[in-house]
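> Could you have a look at this structure, given as structure tokens, before my questions?
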């Protein structure tokens with residue numbers, strides 16, 4: 001077949017017109033060094049702080065140090081096969097995690113990937129792990145309670161929805177037990193829970209998950225795990241990932257509770273990363289921004305106004321406030337609350353529950369020290385009945401501690417002092433509570449009423465715990481309607497007072513403890 005020049009030129013024009021080229025521009029760099037999970041990259045001129053960098057093998061690193069001629073990034077996951085000369089690319093994205101109701105009942109890692117063997121996670125989208133906390137105008141004052149189920153906490157150190165309450169104490173003083181019981185107590189409250197395990201043994205986390213499942217609380221809980229075997233980067237980011245999952249509920253007019261267990265290990269992981277990135281060390285070798293590490297996390301726990309929720313949901317949710325309540329845990333060394341990280345977190349939070357090893361070893365559990373434990377905003381959130389009945393408890397314990405120390409030196413004590421010491425011992429005994437046995441508002445109110453109105457005076461100290469158990473069993477059997485009314489309303493008036501008095505009078509008459 002012979003083509004003339006005109007046909008050839010027409011064919012070339014046609015092909016040129018149909019030619020389509022798609023070009024993709026990537027900001028590409030080269031790894032110049034790899035050590036201890038930190039990579040140095042040359043050539044990423046347009047990288048953002050905190051941006052995800054795509055590595056070979058479908059992995060990512062996060063850019064943390066932006067220097068004049070190189071970028072310091074921390075690898076998310078294994079790094080043994082990374083080598084000098086490998087090419088990496090910018091993604092233009094900040095780290096995001098999946099959020100939504102589909103995560104409830106699941107155990108996930110820092111990146112939101114399932115690690116419980118139950119298949120893929122259903123989610124409603126992705127949310128950046130780093131979010132700016134709601135502003136002052138978007139917030140609302142704390143005035144609704146979060147019941148932990150512990151008498152000593154709900155009576156003396158009440159927690160409100162949207163509050164940040166620190167749980168602080170030495171190792172093996174019951175910090176995790178208190179937090180896990182608080183989650184178990186939310187089964188029927190409608191509060192969604194997030195438990196973030198940072199730097200813990202896998203066996204410990206497995207036990208927590210099993211206990212939550214046994215008590216029917218796992219279906220209402222998201223467990224985020226960055227265990228001790230995970231990289232420092234994942235341990236550092238885990239609290240922010242958990243917080244993003246909690247904010248999903250807060251911003252849609254619901255209530256959520258998040259436990260950070262514990263932030264001491266997160267600070268250690270961040271210190272490790274900072275030192276490997278050659279940032280200048282400060283006090284206790286922590287970097288200069290370790291306060292900001294925790295403040296930007298804990299400020300995201302808040303109670304937001306109905307207007308904020310309405311604007312966020314584009315009018316889908318109206319007239320509802322949302323809240324995210326945080327219970328960060330800090331581990332102290334030999335009770336030293338004046339160390340760097342504990343003082344930082346104490347100053348950020350709205351109060352602290354201080355657990356003492358001396359009390360724990362003496363069998364007083366939860367080992368709460370009421371003298372230095374405080375809730376700065378929770379008092380406004382207490383139910384009326386708890387506020388009315390708990391007033392004398394803290395005073396009685398404070399006087400008891402003072403007199404107990406004094407009585408060791410005094411040989412003969414007057415009757416009034418003996419009476420106060422006796423009452424203090426019985427209140428201390430009454431506030432003891434076993435793990436995984438949270439109490440309802442009505443049950444707590446009944447116990448506190450017995451202590452307040454002198455019903456324990458003729459009960460031997462060794463019989464206080466059996467007395468309380470028998471009283472609660474009697475009340476739930478004979479006066480279930482009264483307990484239900486108190487749980488639903490939380491009010492306290494002369495009628496309720498008379499009914500409580502009647503319950504205790506009738507019970508004391510049975511002598512059945």
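Including glycine, each Cβ sits where the backbone N, Cα and C put it.
As annotated in Swiss-Prot:
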type	residues	note
BINDING	169, 170, 171, 172, 173, 174, 175, 176	ATP binding site
SITE	373	site 'Required for activity'
> If you count, for each of the binding-site residues 172, 173, 176, the other Cβ atoms lying within 10 Å of its Cβ, which residue has the minimum?
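Result for the binding-site residues 172, 173, 176: minimum number of other Cβ atoms within 10 Å at 172.
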> Select the most exposed residue of 171, 175, where exposure means the fewest other Cβ atoms within 10 Å, treating these as the binding-site residues.
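Candidates: the binding-site residues 171, 175. Fewest Cβ atoms within 10 Å: 171.
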> Using all protein chains shown, find which of the binding-site residues 169, 174 scores highest when you count other CB atoms within 10 A of its CB.
169
> So which other residues, same chain and not among 169, 170, 171, 172, 173, 174, 175, 176, have a Cβ within 8 Å of the centroid of the Cβ atoms at the ATP site?
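Output for this site, in sequence order: 331, 355, 357, 360, 367.
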> Once the chains shown are all counted, how many other Cβ atoms turn up within 10 Å of the Cβ of residue 170 (ATP binding site)?
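I count 18 other Cβ atoms within 10 Å of it.
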> Hey, how far is residue 172 (ATP binding site) from residue 373 (site 'Required for activity'), Cα to Cα, in Å?
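Spelling it out, the Cα of residue 172 (ATP binding site) and the Cα of residue 373 (site 'Required for activity') are 18 Å apart.
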> According to DSSP, which of helix, strand or coil covers residue 169 (ATP binding site)?
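DSSP call for residue 169 (ATP binding site): strand.
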> Across all the protein chains here, work out how many other Cβ atoms are within 10 Å of the Cβ of residue 373 (site 'Required for activity').
22
> Quick one: of the binding-site residues 169, 171, 173, which has its CA closest to the CA of residue 373 (site 'Required for activity')?
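That would be 169, nearest by Cα distance.
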